[in-house]
């Protein structure tokens, strides 16, 4: 119980540090978004001052920081410079699209990656194992954006069987929800496959290595001496013990997945957090950028906390040490 409370306190401290760093990061970098708006719209000095007040950019940096914390505590993420609407509404739409993309790709990557990794580890030293390792290393070295462009060229430009960008067909009229989700699924194929092709290698290598180590343990020799079948030894004994390192590595995978999703969303114009971040950088939309970085950082932080909690439940050694 004390361990859980201590980790919650650490989580809250890190959350406050992230919020603070997030604010000052975008307020000390060169460039004034208000001047950028003033130049594009040819505003008078009085209108520029009014605009600073409207977006909360008047006063000292500490005053702006306190105002930012107060609004954030009330769930107010600010107002977009470029899109002219509340940042919370923008983030809500983009976050759902990113969650959809990452959920589908993660399910595929974890399920297929672990399955292939177990089979490769159980056949250590054979040609199938060597081929799996080499193939995984090749896939892991491929740039995500390059894979995406290659898939677009192949399946959209050449064969013309899948859409190139977006989440739905522009100006499409759907007869019912089934038709709508079918269209979404077609647009989801290429971004999902792009993420899966590169990231699946990570789980294959980690799982394969964990299974190989588990198969060499003394208890596996005992199980083999008792006459247990290879399948039972792998799935009932080696697989269970191999899941612990895989779970730990999954935490590292979260950050890589978010980074890969940004590239995929830009390549396929998928209207998620990655594309929103990219467009906000180009337009210097600081409120949206702050919200994007904050949501992403908090998601990774919470995912690490949950993974650590699950690890303690799964591994009694960690639970006893705590």
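Yeah, the Cβs are placed from backbone N, Cα and C, and that goes for glycine too.
TrEMBL: automatically predicted annotations, no manual curation.
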For the record in TrEMBL, which of the ranges 208-227, 288-307 is the transmembrane segment one? 288-307
Taking the transmembrane segment (242-268) as reference, the highest number of CB pairs under 8 angstroms among 7-29, 94-121, 133-159, 188-206, 288-307 goes to 188-206
